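Reviewing the structure listed below.
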Amino acid sequence: MTNVNYDYIENYIRSLIVDKDEKLKKLREYAKDNHVPIVEEETESLIKFLISTKKPKSVLELGTAIGYSAISFTKSSPFIEKYISVEIKEEMYKIAMENIKDFSLEDKIKVFLEDAYVFLNKTRDSFDLIFIDAAKGQYENYFAEAINHLNKDGLIICDNVLFKGMIANDDLVIRRKITIVRRLREFLEKIEKNDEFISSIVPIGDGLLLVRRANG
């Protein structure tokens, strides 16, 4: 079990996902070969479904890595006009820029080499969809700022919130990950208990949190 579901369930779901884009497939293979964490296939499929129903024009992503999700999500929807992604690691930033150029998406996808929290405090832009996939121990801080940049009826998606199942089972917790696990648990509890938000934790991939304002 690599994430929060049994391997046979993950493998079955992934066997049904048809990847028609060979360039994207090669990019996923590159990530796997080079141990770069990117969005899981089944998670990617769900988010693309949500994008197809929400039809966001503007997207903010915290955590670019090699640019896989930015490219995949932008290619999946003709409605996305602006996709802003923020990456703190210069090496990842450079690779992402090359990949985005290779897919001819420079006009839609803009990547900023900056700390996500700093960016959130600086930007005046607002977005229809915000995808948080950066430092897991900082999710509560990211969310507190991100919500101020969410448009009416917008959606925030946080990836990896079940953190290899450690969030739900103390027996799985690795000692060096204790702080991250504690912070993620506190974050999830605050969101779920807050009447200002409608939220759902989806046990797919490594766990996905979907949040929107209760009043739209």
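Keep in mind that glycine also has a Cβ here, set from the backbone N, Cα and C atoms.
Annotations in TrEMBL come from automatic prediction, not curation.
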Further binder of S-adenosyl-L-methionine named by TrEMBL next to VAL39, GLU87, ASP115, ALA116, ASP133, taken from the candidates SER52, SER58, SER69: SER69
Distance [Cα-Cα, Å, rounded] between GLU87 (S-adenosyl-L-methionine binding site) and ASP159 (Mg(2+) binding site): 16
ASP133 (S-adenosyl-L-methionine binding site) and ASN160 (Mg(2+) binding site), Cα-Cα, nearest whole angstrom: 7
Per DSSP, three-state class assigned to ALA116 (S-adenosyl-L-methionine binding site): helix
Remaining residues near the recorded Mg(2+) site, that is with C-beta within 8 Å of the centroid of the site residues ASP133, ASP159, ASN160: VAL39, THR43, GLY63, ILE132, ALA134, LYS136, CYS158, VAL161, ASP206, LEU208
Sparsest-packed of the listed binding-site residues (GLU87, ASP115, ASP133, ASP159) - C-beta count within 10 angstroms: ASP115
C-alpha spacing of ASP159 (Mg(2+) binding site) relative to ASP133 (S-adenosyl-L-methionine binding site), in angstrom: 5
